[in-house]
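Below is one structure, written out as structure tokens; comments come after it.
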Amino acid sequence: KKRKVSRTCPAPVEPPKWFGPTGPICEDFPEEEDLILTRKLAKTLQSYDIYESKQELKHREAVLKKLETLYKEWLQEMCDQMNVPEVVKAKVGGKVLPFGSYHLGVDSKGADIDALCVGPGFLDRKDFFTSFFEKLKAQEEVKDIRAIEQTYVPVIKLTYEGIEMDLVFGRLAQRSVPEKLNLLDDRYVLGLDKRCIRSLNGYRVTEEILQHVPNVHNFRIALRVIKLWAKQRNIYSNLLGFLGGVSWAILVARICQMYPNATPATLVIKFFKVYSTWVWPFPVHLHRVKNRLDPNMWNPNVNPSDRCHQMAIITPAYPQQNTSVNVSRSTLAVLTKEIKRGTLCFTNWSKLFEKQDFFDKYQYV
């Protein structure tokens, strides 16, 4: 007799899940000494008084809600002014989305809030910086308001009920802003003008970072440590040729991908060990962004200027950009020296955060 041959296909084997462009270096779970080290680290962080109270956090949330209400009111007023059909006006929507340190959950006490105001495509960008600016200016709660349009990302700066805010504006290529809005969908940025793409990408990059770390809680603690260390050592400044908040967040997120089960203390230790031996300008990516042949994307194979960058810390959202273009040969040397110093401070967290006197270090400025 002929044997019956099973024609049932074997179940496909799912590829292993990892968060970065490559698999993890180590997936070991923490041991007791790692947990003890993390508790010591958390206690040291608390001593620097960087956390906001629950009351302060609630105040920030309330300010954002009030601002979004104002923004939606303004959109309705603009619809009336432009004689937009009622059916469009009823669905125009509008959203105010925080990004940066606040959205990452690592903002320090008294820090400002970056927020993206999303509007429909029929609005003119100029309206945001004139009409909405005037509406904000008329509010009792608003102080020190100013519009800065001639910059890489145009922004309205203000203080609302004591909270400093930076507002950017991004239009969608559609008549309304849906309540459930997934701005990580690249379709929202394809075909938009550069200023809108840059404005939208502040939020998109922040959200992509959160989406690409295996443990958000551990990422936040580790990032707080690195931010505090960088500020104490005077290397937290994109403007001065060091690294800004986005760069530090991407660097920490990549370490989280390499060691997905590590405690915050272990992540900090690995941060210094990995980047003390990193061969710059070899790029740090969180994931591979689809290349849509956009000439504005960071691509050293196509753009000669990108080959001159001393460091390459690449944003995880289309169109990918290098967040560390301001780093020079001299500031890279300082960064490298400080990171190597960090490898010697694990037995004493307070030593890691020792404040550096700028004028002692740089006698000639």
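In case you wondered, yes, glycine gets a Cβ from its N, Cα and C as well.
TrEMBL: automatically predicted annotations, no manual curation.
Now, the feature entries from TrEMBL:
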- 20-213: domain 'Poly(A) polymerase nucleotidyltransferase' (DOMAIN)
- Phe99, Gly100, Ser101, Asp112, Ile113, Asp114, Asp166, Lys227, Tyr236, Gly245, Val246: ATP binding site (BINDING)
- Asp112, Asp114: Mg(2+) 1 binding site (BINDING)
- Asp112, Asp114, Asp166: Mg(2+) 2 binding site (BINDING)
- 218-347: domain 'Poly(A) polymerase central' (DOMAIN)
- 235-255: transmembrane segment (TRANSMEM)
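Across the fold, the C-alpha of Tyr236 (ATP binding site) and the C-alpha of Asp112 (Mg(2+) 1 binding site) stand 16 Å from each other.
Binding residues for ATP (Phe99, Gly100, Ser101, Asp112, Ile113, Asp114, Asp166, Lys227, Tyr236, Gly245, Val246) extend across at most 20 Å, taking the greatest CA-CA distance. Listed by sequence, the residues of this chain that lie at least six past the ends of the transmembrane segment (235-255) yet keep a Cβ under 8 A from its Cβ atoms are 20, 100-101, 104, 106, 205-206, 209, 212-213, 219, 222-223, 226-227, 267, 270-271, 274-275, 284-286, 311, 313-316, 323-324, 326-328, 330-331, 334-335, 338. The distance from the Cα of Phe99 (ATP binding site) to the Cα of Asp114 (Mg(2+) 1 binding site) comes to 6 Å. Residue counts for the domain 'Poly(A) polymerase central' (218-347) by DSSP state, with H, G and I taken as helix and E and B as strand, are 61 helix, 6 strand, 63 coil. Other Cβ atoms within 10 Å of the Cβ of Asp112 (Mg(2+) 1 binding site) number 16 in total over all chains. Asp166 (ATP binding site) is surrounded by 18 other CB atoms, counting those within 10 A of its CB over all protein chains shown. Sitting within 8 Å of the Cβ centre of Asp112, Asp114, Asp166, and not among those site residues for Mg(2+) 2, are the Cβ atoms of Gly100, Tyr102, Ile113, Ala115, Val155, Lys157, Glu164, Met165, Leu167.
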